[in-house]
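Database features (Swiss-Prot):
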type     : residues               : note
BINDING  : C79, C82, C89, H92     : Zn(2+) 1 binding site
BINDING  : C119, C122, C213, C216 : Zn(2+) 2 binding site
REGION   : 154-185                : region 'Disordered'
COMPBIAS : 176-185                : compositional bias 'Acidic residues'
REGION   : 255-293                : region 'Disordered'
COMPBIAS : 262-279                : compositional bias 'Acidic residues'
COMPBIAS : 280-293                : compositional bias 'Basic and acidic residues'
BINDING  : D602, D604, D606       : Mg(2+) binding site
REGION   : 1005-1017              : region 'Bridging helix'
REGION   : 1318-1437              : region 'Disordered'
COMPBIAS : 1339-1354              : compositional bias 'Acidic residues'
COMPBIAS : 1366-1379              : compositional bias 'Acidic residues'
COMPBIAS : 1388-1399              : compositional bias 'Acidic residues'
COMPBIAS : 1415-1429              : compositional bias 'Basic and acidic residues'
Amino acid sequence: MAHAQTTEVCLSFHRSLLFPMGASQVVESVRFSFMTEQDVRKHSFLKVTSPILHDNVGNPFPGGLYDLKLGPKDDKQACNSCGQLKLACPGHCGHIELVFPIYHPLLFNLLFNFLQRACFFCHHFMAKPEDVERAVSQLKLIIKGDIVSAKQLESNTPTKSKSSDESCESVVTTDSSEECEDSDVEDQRWTSLQFAEVTAVLKNFMRLSSKSCSRCKGINPKLEKPMFGWVRMRAMKDSDVGANVIRGLKLKKSTSSVENPDGFDDSGIDALSEVEDGDKETREKSTEVAAEFEEHNSKRDLLPSEVRNILKHLWQNEHEFCSFIGDLWQSGSEKIDYSMFFLESVLVPPTKFRPPTTGGDSVMEHPQTVGLNKVIESNNILGNACTNKLDQSKVIFRWRNLQESVNVLFDSKTATVQSQRDSSGICQLLEKKEGLFRQKMMGKRVNHACRSVISPDPYIAVNDIGIPPCFALKLTYPERVTPWNVEKLREAIINGPDIHPGATHYSDKSSTMKLPSTEKARRAIARKLLSSRGATTELGKTCDINFEGKTVHRHMRDGDIVLVNRQPTLHKPSLMAHKVRVLKGEKTLRLHYANCSTYNADFDGDEMNVHFPQDEISRAEAYNIVNANNQYARPSNGEPLRALIQDHIVSSVLLTKRDTFLDKDHFNQLLFSSGVTDMVLSTFSGRSGKKVMVSASDAELLTVTPAILKPVPLWTGKQVITAVLNQITKGHPPFTVEKATKLPVDFFKCRSREVKPNSGDLTKKKEIDESWKQNLNEDKLHIRKNEFVCGVIDKAQFADYGLVHTVHELYGSNAAGNLLSVFSRLFTVFLQTHGFTCGVDDLIILKDMDEERTKQLQECENVGERVLRKTFGIDVDVQIDPQDMRSRIERILYEDGESALASLDRSIVNYLNQCSSKGVMNDLLSDGLLKTPGRNCISLMTISGAKGSKVNFQQISSHLGQQDLEGKRVPRMVSGKTLPCFHPWDWSPRAGGFISDRFLSGLRPQEYYFHCMAGREGLVDTAVKTSRSGYLQRCLMKNLESLKVNYDCTVRDADGSIIQFQYGEDGVDVHRSSFIEKFKELTINQDMVLQKCSEDMLSGASSYISDLPISLKKGAEKFVEAMPMNERIASKFVRQEELLKLVKSKFFASLAQPGEPVGVLAAQSVGEPSTQMTLNTFHLAGRGEMNVTLGIPRLQEILMTAAANIKTPIMTCPLLKGKTKEDANDITDRLRKITVADIIKSMELSVVPYTVYENEVCSIHKLKINLYKPEHYPKHTDITEEDWEETMRAVFLRKLEDAIETHMKMLHRIRGIHNDVTGPIAGNETDNDDSVSGKQNEDDGDDDGEGTEVDDLGSDAQKQKKQETDEMDYEENSEDETNEPSSISGVEDPEMDSENEDTEVSKEDTPEPQEESMEPQKEVKGVKNVKEQSKKKRRKFVRAKSDRHIFVKGEGEKFEVHFKFATDDPHILLAQIAQQTAQKVYIQNSGKIERCTVANCGDPQVIYHGDNPKERREISNDEKKASPALHASGVDFPALWEFQDKLDVRYLYSNSIHDMLNIFGVEAARETIIREINHVFKSYGISVSIRHLNLIADYMTFSGGYRPMSRMGGIAESTSPFCRMTFETATKFIVQAATYGEKDTLETPSARICLGLPALSGTGCFDLMQRVEL
């Protein structure tokens, strides 16, 4: 960036061990600062003066922007500065010397802030001296590391006494002296907490504002910005000027402002103010005083030269504070003073960095060249104006033009002309996704990569990838020549670039050459490989370790390792290392099925990327760490991620079911085809280039004894698996697995059905069924000591704690990978011989069952009418006209609105679910099929988990069921129809989207349309949620990327801040956490578990973690106590100590390794599952009385924005033990908000069209309201007739008058009548405010529509608005927020204008407008305060001029009011306005609690652990459901504290994290974060490890508050400027870094990637030292 530089780049030297020409210098740190005028001149090779680019012949014009001193423009030209051609010339800078100094555009906001707080008379800060001293002391203390003392200094507010001032000064002096004496400050490591506190001190100080100076008492003129980058003084009041004159203060305007802008003498422009002797001032002539008054009665420009002198004196007088600007950490580097705020020359970048774009015959100049040209033109015009001595106003006008030109050059968004706004300034080159940081430094184009479509291959190993020859010929690896590989490399050179395996290039110390095309020349090169010194044939003994540095770039070949990636790369397993298999004749990448779930890939045209590592360190990490076999467990929860799918599952069930027998040939063929004999070898075996691996192993295969010996030997399918397991675990103890299968116990009972299919003896049939349940025992897999005893291998055996998972846990990732590879080939070959097919007969239902199905679905058609009759209280036997029913529906919708519609929908759906899932429907797919499940192929696929689910089977054979759209039934049009073919308000299930048809027999057009609507919703969700979840994950990643496990087992940030003392509170790695609490599995496989652990591990893996966690220890003890004695003796665990030793060994083997990037894993583990969430932002809690925000919007609230005012705040609290549901109802009634609408029984309106009232012809509207009697009110409220009567007269009538007047104004505007309304009325100010905010929202069209009122939009408009917002890229969603200041942000923009400080309130702090209430917010019981408040309202009731009521009467349950309207007034719907008003006026209001319902402790949002919270005992679900609880919408803790005699307030909980933080503290807020994120994921059936959530919550509450994961939160507090810049608003953060003189020590991954260095995590967190023996 122009005029920003990095200085003091620290370098360290080391010798590369890998390459002879390796890097010898590495950047260690980067410091940011602004370039001084001397720096610009030092870098410049040319003073650019001419705006002309080319002469008449087209050559570069001397002194122009294409001058050859700046570098050649064309390839054939030579540089006039270095003499090199374009390719070799690095480019040279020039500069434009400005006639007058101007403001630095990037620092203008900060400069303006300084000017507002500086006194123009005494040149000090206008703040009190003690405030300045306190700020300086605080900064010094924080930099020293004593944040506590700095906080105490802030809290000790100074008093007016002299002694306190002296003590404050002494504290300041002492601290300062201590600070100066501390010599280690420069070498300190600054933390994010220090940085946050320092910036907070500066921000708070710059917020201090005063009308007059606290030192000289002078009243300074107010400043304004007529345009960005220009300052103007406002006219002063006569009283202020007079006060200054009396005090002897005078603002002196220099007449030589333009003629001598750089003069520093007292007679020049710097003599803006001077404090003269008081006696002399009193003797001034009255004419001078009058001139002073006249001068300050008008505005005038404050020129940059004047401002520079103001700042010069300010820096001299307030040197101690100002020294922190430019060198925040007081590191003693070269300090930059006030001159950084001004530009005297502009640096011109070299020509090669702003090349013109050619398209055909036209040439388009680079935007920077255009901007620089404009600056030169403006500068020359200004210089000519000074030379010609034009008027001062004209010179100033041209000076402003120069300032504007430089502003546009730096940031085009400051331009006033739209055409200039669309161009790119320097800031635009840095910002956003296409900017310099993210496009060029964080993300770079890669070489040695390929991309193609993937296709499946079940024969290759699961960690192999098939590469087509066209890629293998192009991708090469630079292999160093050694005595061990020289023969292979010779062959490669001889083969050349066109024959595989060959080579393309050969290089030595001097050069790199492409291999010649002739074989003879290549043979000559091959013979020279080891022809000179250092060659020897004796293995391992050489004369010279460096054999001339020869390297051969050979082709990719079998056994090489490559990185394979499928985008989007949402989590760690999206990029894995695979071994190469070059497959001849192929054109696509070949991938095994087991990798599909890891990459989330399918084979319908997906493409994947392959990257070929180019050095040995990368290859070593790829083979041992990133290898696909090692990515077996899901990082988010530790569950298995790699498994066989679809046909392999079908084949495994068919092979391992009980009646599968194989002869010797078939048995041996299956074993041999599986390739299991080669799995024991550690090296690759097979012939190169073959699609099928040919066994080259001499290892013997141990077979098993056949299950049947006579008449012929027969083996079962289970014995094939036994033989495979024996081979896989060869050399290790055998293992045991017990795991339930997905197949039910009666799945294979087909024969019992076929014995007597028409038997009527139900008793006999039941006995047969029971015998099958006892004898089959195929519903549970049992492998004992490698012997497959019973059960089948289905989907469950590839899931958690299944067969493969157990092998992975006991024998390692390679064994599990080998097992999957063997199973894949085995099941593929078996299915080829066995066969598998599906037909229509698999789908057909038995005739009698089909008739019952049809009958039951016909009963469902009457559900709608039954629900309506129940709702309206109509007896079943009573006949009712359909038209009458429709009228009733419309009436209830008119009265209750959408809530009535939703309630009816829920009732119908509940009834339909009961009706369609009972009786024959339950057993239809198990007992009702023509082909029984054991022989039914569709059943086999769905039940075993191979393909599809029971729902798919049901849709094919039974019915499609209810179609849901956003969790609701099919929506209705305005006419009340769901489709034009149905009647209005047709509540039959079919009209609401219930489809009784099935795919087998076809769908009717209406059903087909409904089904398409439901399918479309899924597509829309997928398209929209991608950007939202993507931006959420990016926010998490950038905040958490630096967190890693250290060697002391703590989790620390890049600055050394401790986030957790033990990762996840127990130190266990999520990948290894699966079996740590599975005590039974550990005991039955104890031999293998103990074999993996050494004695050192048992004694403690680390001195920091030496014992088991308490919860794990207690769990193991309980397990031993529950074991019968015979099992204890059999498992050798008679005492607890033996089991604890086993668990301890497993625990220490499962600890997270130092260097583990746990922050990245946590970010990915939360971000990746969020893509599975739908966009249903509101899910119904309990019975649907309350909405709860879920999904991505809720995660954004919790993590990204840390919103103080969330969309759906709730509170929950259980009742005390012994309290009943009646007590809960009592509380809900007292907390319930009761509006006037709730007590209105009916409303009548009559109109007298023409009458005379007070000698005026008018119309009278008579509104009569009938109210319910008090006995109809809620049971436990104390509302009386007096209460509602006073409310109706005092509040309701006032609100109704205001609503009528507002409505009349709107109708007048619609009719085009602009009548002046006399006098403002109560409640109309908000309308004016709304109109203003509406205009602001129109101006800010890119703000996601946050300010738009929902009520003003129709449903279609709202939907369109949402769609417009959703289509935005998630990057745009982030960087253009409304609460951000202008695009060129100084250090602290929000406090830019002192005028705005008093009125500026953040969104979070703005109180929401409260509805009118007749009682205090916090009053929840009693009537006394209600009456007092209502009387107070009545006393305040003043009749406005515009009021229209002429008669009011309220007696008993009746209230009547008459309104007078002029004959020319438009007609209004008064009844509708009255109904809307009645819903806004409260008779009883319990503060912020909107609604309260009775729930139970089984609600996931309710916390309940029994009578004693400290015990945290486990409570059964039934016991929880029996305990009543409250569920309130809104957060008001004091309101519930009032009922602590009935509520167990120890369990009081809210989902509002800010409220929990403010009331209960930071630990409660941390727990709330964990609970809320967990609740969101559990609602979608997603499991995320609690360790990730613990880390996220600890990070967000690390500083003692609740900070968001956005650029305002954790990113803003990062000590790494590169980390901040590469996230968002790069310009803002780079200016901040340069202003403060920040130093980046390159600890964060972002900073290291920017400079091309490996991250300091994983294998990068340590260095290796070579032991050298001299």
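Placed from the backbone N, Cα and C atoms, the Cβ positions cover glycine too.
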Compute the C-alpha separation of C89 (Zn(2+) 1 binding site) from C119 (Zn(2+) 2 binding site), stating it in Å without decimals.
51
What else in the chain is close to the region 'Bridging helix' (1005-1017), if you only count residues 6 or more beyond its ends and a Cβ gap under 8 Å?
960, 963-966, 970, 979, 981-982, 990, 993, 995, 997
In which DSSP state, out of helix, strand and coil, do we find C216 (Zn(2+) 2 binding site)?
coil
DSSP says what for the region 'Bridging helix' (1005-1017): how many helix, strand, coil residues?
13 helix, 0 strand, 0 coil
By CA-CA distance, flag whichever of C82, C213, C216 among the binding-site residues is nearest to D606 (Mg(2+) binding site).
C82
Integer Å distance between the CA atoms belonging to C213 (Zn(2+) 2 binding site) and C79 (Zn(2+) 1 binding site):
57
CA-CA, which of the binding-site residues C82, H92, C122 lies nearest D604 (Mg(2+) binding site)?
H92
Between D602, D604, D606, which of the binding-site residues has the fewest other CB atoms within 10 angstroms in the structure shown?
D604
Can you list, in sequence order, the residues of the same chain other than C119, C122, C213, C216 whose CB lies within 8 Å of the CB centroid of the Zn(2+) 2 site?
F120, F121, H123, H124, M126, S214, R215, K217, G218, N220, L249
Beyond the site residues D602, D604, D606: chain residues whose C-beta lies within 8 Å of the centroid, for Mg(2+):
I454, A601, F603, G605
Pick out which of the binding-site residues C79, C89, C119, C122 has the most other Cβ atoms within 10 Å of its own Cβ.
C119
Setting C79, C82, C89, H92 aside, what same-chain residues sit with their Cβ within 8 Å of the center of the Cβ atoms that define the Zn(2+) 1 site, listed in sequence order?
K69, L70, G71, P72, N80, S81, G83, Q84, P90, G91, P350
Are there any residues in the same chain, six or more apart in sequence, whose C-beta is under 8 angstroms from the C-beta of C213 (Zn(2+) 2 binding site), and if so which?
C119, F121, C122, H124, M126, I219, N220
Whole-number answer please: how many Å between the C-alpha atoms of D602 (Mg(2+) binding site) and C82 (Zn(2+) 1 binding site)?
56
Report the mean pLDDT of the predicted model across the region 'Bridging helix' (1005-1017), rounded to a whole number.
85
Would you count the other C-beta atoms found within 10 angstroms of the C-beta of H92 (Zn(2+) 1 binding site) for me?
23
Ten-angstrom check, please: count other Cβ atoms within 10 Å of the Cβ of C82 (Zn(2+) 1 binding site), all chains counted.
16
DSSP secondary structure for C89 (Zn(2+) 1 binding site), reduced to helix/strand/coil, please.
coil
For C216 (Zn(2+) 2 binding site), just count the other CB atoms lying within 10 A of its CB, please.
21
I need the CA-to-CA distance for H92 (Zn(2+) 1 binding site) versus C216 (Zn(2+) 2 binding site), whole Å please.
51
